[in-house]
Amino acid sequence: MKSPLPSPCPATVTVRRNPPRRARPTPSSVIPLREPLSSPSLLRDIFATDAAQHNPNNAQHIKPDDSPTTTLPENLKVFLRIRPPVIQKGSRTIAESKNAWPKNPKSNARPKAKKTTEICVQANDDLRSVTVSTPQPLQDMKRIKSEVYEGFSRVFSAESSQNDVYEEMVKPLVDDFSKGISGMLAALGPSGSGKTHTVFGSAREPGMVPLALRRIFSQDESTAAQSSRVVYLSMFEISSERGKGEKMIDLLHDGGDVSLQHSVLKGLREAVVNDVQQAESLIAHGMLKRATATTNSNSQSSRSQCIINIRWGSKQGGEEVDGNANSTTLTIVDLAGAEREKKTGNQGARLLESNFINNTSMVFGQCLRSLLEHQKNRNKTLQKHYKNSLLTRYLRNYLEGKKRMMLILTVKPGVEDYLDTSFLLRQASPFSKIKFKTVEEPVNLTNKRPNQALPQAGQLKKMKFGSNENSLITEGKTDRRFPENLHKEIPVKAIEGSVDQSIQDNDENINVHALSNGISGLGIHENMLKGNVSNLKVKKDREYRIMQGFSKALWNVLKQYKEKLEGVETENCHLKENLANEKTRSLDLKNELTNEKTRILDLENEVKELKSRCICSKPSTNVLQVSTHASDFDLSHYQMTKTPEVKSDILSPSMRGLEKTETEKTADPSARDLVGSFASCSDGGDEQHPQQLEDLIECSDDTENTKGSRDTATPDTCFRNKALLLLPSNNSSPELVCCEDMGTMDIPCTAIQSTFGSVCINHKSEQDALKIVADVKNLESESECELDGSCLVDVFEYESNGNTYDHEDLKDAKTKEELTQLQNDNDTSLVEEQSVSMSENLHADLKSSRSPQNGGKCNHVKEEESTLKPLGSILPKEGTDAQNKPKSLKVASCRNQLTEKPRRRLQPAASLLLKELSMLDIKDENDKPKGAKAGKKVTMDEKSRTQGSLSLLNLLTKKT
Ligand SMILES: Nc1ncnc2c1ncn2[C@@H]1O[C@H](COP(=O)(O)OP(=O)(O)OP(=O)(O)O)[C@@H](O)[C@H]1O
C-alpha cells in the first residue's frame, strides 16, 4: 500500500530537523531491532522471566537488596507511529473496521471518510527518522521540499502491528515495572491519528494496555511470589466541565468524582485485578464510560484525557496488604487529540471541549520544552507550566524528569494532514533529548520489603479484615479489611506505646516478644509484629530527624528575622533623629522667613515714605541751559546750571551722543536742529539720579552699539516725556523739539519755568507746547530786560505724577525784574563759583565726548532726527539778527514744587552771569576799537560788575 510521493520541486530543499545526537546513546535507549514477537517467543520470554523469579539465585529481574536504585540518566524515548492512510471502502474505512472496542453508544454518527491516496510522511530505512514531504501547493511558499525528523527511538510505519509497538516500546517499560521502576507512556498526536487505537487497540489488535496487563499477569502467575503480589488497576479521565473547569471521573466505578490534592488523588478507587480477563473487562467498561464524540476528524474522537494506572501491591497471608502511594506504578495516558478548529468545524460545546483539549496538549508540551531548556542550560529555571492543567499537575514528577516516561507520537500520513503532522513533529521530536535520572526503589517480589507492603502503625487502627475485592483509595492509601476484633485498640496502643518508649530510650531491642504475647490472643503473627515495630521505629526516627531539621531551619529563619528587625529598628531611630533635625531646621527657616517678611514690609514702608517725601519736595534739579548758535552750532555755547555732581553724572553719557567732529558739524546742517535730550530728573530728587543716569547711559550705549539698527527703530524710550525748548542765539525763532511725536506722546504736563518766574503748563499736544513757547516769547518781549545775544534754553524732563498744571499759569509768570530781584538775593559768589565750575565741566564733557569713534556724530541726535522737528519750521520767526537780539528762556518745574521750595536761585544767578559774559563781548577784545570812547565804555561796564564776575571774566579771558 505504497502511495507515490509528490514529485520533488527543484527549487526546494530538504531540511533536517533534530539531527542525531553526538553522544552515544545510553544502553537502555538502544533498542535492538527485533522481529515481531510471535507467541512462542513471547512465551519463551515469559518463561525466562519466570525462571529467574523462581530461582532465588538468579537475580536477573529481581534485586535481592532493598536499597534504592539510582538509574543512570537516560533519554526520553520518543516513538513515532504512522497510522495507515484512510482508504474509503464503502461507508467504512479499513482502519475503522479493525477497531472492535466497544463504542460509546452516544456517538453513532460517522464522518464522511475522505478518499486519499497521497501521503506526506514516510518512515526512513533506519527506522529512527521520518521524512515529511511538503505538499506541492505549499512547497513554493515554504520553499522546503521535505523535512527529515530524526532522533526517534523508533518509527513505526503504517504497516507496523500492535505487537511491534508493544515489543519495542512497552515491553521494556513493563519489565522495569516488574523490577519496581515506575514508568509512564503517553500518546500524543492530532485527532484521529491512532492514539486510542495504539493505547487500547481492539479485540483483534489489542493495544498497549491489554498487552501490558497480559504480560504482567503472565509473569505474576508464574512466579513463586504469586501469593504476595496484587495488581491494582485504576482508570479515570480528565475532561472539561462545560468548557470552564476540569473534572476527573473514575471510569471503573460509577459516580465517583475524583479530585487531586497535593499530588494525591482523592476518591479514586482502585480495582484489584487478579487476571487478564478481569482487567480487560474493566478496561472495556471504562472505555464505554469515556467521553467520546463524533468530529470531522474522528468518528469516535476522545474528548478527555484518559489515564490508566497499574500498580503493584503485596499480599500477606493470602490477603493483599496495601503499599503506599509511592509504590511502583505503570501509567499509560491517552491524550485527547489536538484539533484544528477549521478542520473539525467544531461549534458550541464541542468547540469548548476542543479548546480544553488543545490547551492540555499545549501545557503538556510546554512542560517538556521547559524541562529540555532547563537541562540544556541550568541557568534557565524550570518553569512551572505543570500548574496550568490538571493532567500535568498529576503527572508532575514525570514532566519534571523525576520519573521515567516515554512518548509515542501518532500521525496521519495523508497530505491533508501535513500541517498537523509537521507541527507535531517539529514540537515533539526535540523531546528525545530530555534526560531522566530516576531514583526508584525496586519492588521486592519475594516480599523482602515489608516496610512497603506492610501497613503502618497509624493505619492499624483502620485496618479491617475483609475480602480482597476492590479497595477504596483514600488520600493515596488503601483501606484494608482486618478482622473486627482488631478494633480493640488496647493491644494496638500497647504496641505503639512500647515502640515509642523504645525509641525514646534508644533501645534497639524492642521487646517484640512481649508485645506479641500481649496480642497473641488476636492471632497476629509474630513476624508481622516485628515488621510493624521496626517500621514504626524507622518512621519515628525519620520523623524525629525531619522535625530536627525543620526546627533548625526555623531557628535560622527566626535568627535572620531578628537581625533584620534590629537593623530596621536602628534605621528607624536614625530616621527619627533626622526627622527631628529637619523639623528644627524648618522652624528656623520659618522664623527667618518671618523676619525677612517683616524686613521687606519695613523696607516697603520706608520706600513708600521716601516716595511720598520725594513727591512732596519735587526738586527741580538738572536744569540745562544750552546756548546755541544758528549759524555755527557749537556745544561750547551750551551751558548748564546744575549742581556740579549731578551735571557731570547725567550729562556725560548723553553728551557722548553729541560727539561730532568739526568738519562733520559744518557738513551736517541738521546740527542746528540738534536736540540734546539732556534728560534730567525732576521728581526723583537726589535718590533717583542713579536710576535715571543708568537709563541715560543705557540709551547712549545702545545708540553706540546698535548704530545701524537704530536708524529704523522707534525713538529711544529713555527720552519719552521729555521736551526740549531751543532758542537760538541768533534771535531766530525758538524751537520746541520733542523726543517723541507730540501728537502721540502722552504727556500729562510740561512745566516750563521761565527766567521771569515759575510757570506751570499743562498741555497734551504740540499745539499746546507751541503756545507755551509763544507765550514765553511774548513775556520776554514785554519785559524790559536786555537781551544779551545768548540763548538760554532749559531742558526739562518730567514724569507724570498726577499733578495738573494749568496753561493759564503761564500768564502769571513773573517778570524778569522779579527774577533779577530774586537773583540779587542769592549768594552771588556761590553762583559765580558754581557757574564757572559747571561751565568748565560742561566743556570738559563735551570735549571728551567728541571722540573719533563715532565720527564725532551724535548718535542720539541722528536717531531723533526723524522725529524731531525744527522749531523754526513751526514757529513764526521774530527776528533775524540773533546777535543783536538774544533771548533768554527758562524751563521750570511744577508749581507745587515752587510753592514748597524756595525758587532756584542758581538759575537766575547763572543767567545773570552769562548775561554779563555776553555783555563782555570777549571776541571783540582782540580787535578792540581804539580811542577814548571805547576805553570809556569798558571802564563804565567794569564798574557795574561784581567781584565774582570779574574774577570769572578774568579766568575766561585767560582761557580764550
Ligand atoms: N494503526 C492503525 N491501524 C488500523 N487502524 C487504525 C490505526 N490507527 C488508527 N486507526 C483507526 O483510526 C481511527 C481513529 O483512531 P483513534 O480513535 O485511535 O484516533 P485518536 O488519535 O485517538 O483520535 P482522538 O484523539 O480524536 O481520540 C480508529 O477507528 C482506529 O481504528
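Here the Cβ of each residue, glycine as well, is placed from N, Cα and C on the backbone.
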Can you dig out which of the ranges 1-37, 556-592, 667-703, 778-814 TrEMBL describes as region 'Disordered'? 1-37
Validating a neighbour-count step here. Other CB atoms within 10 A of the CB of SER191 (ATP binding site): how many? 25
ATP site shell beyond GLY189, PRO190, SER191, GLY192, SER193, GLY194, LYS195, THR196, criterion: Cβ within 8 Å of Cβ centroid: ARG83, ALA187, HIS197, SER297, ASN298, GLY337, THR410, LYS412
Once the chains shown are all counted, how many other Cβ atoms turn up within 10 Å of the Cβ of GLY192 (ATP binding site)? 28
Across all chains shown, how many C-beta atoms besides its own are within 10 angstroms of the C-beta of SER193 (ATP binding site)? 27
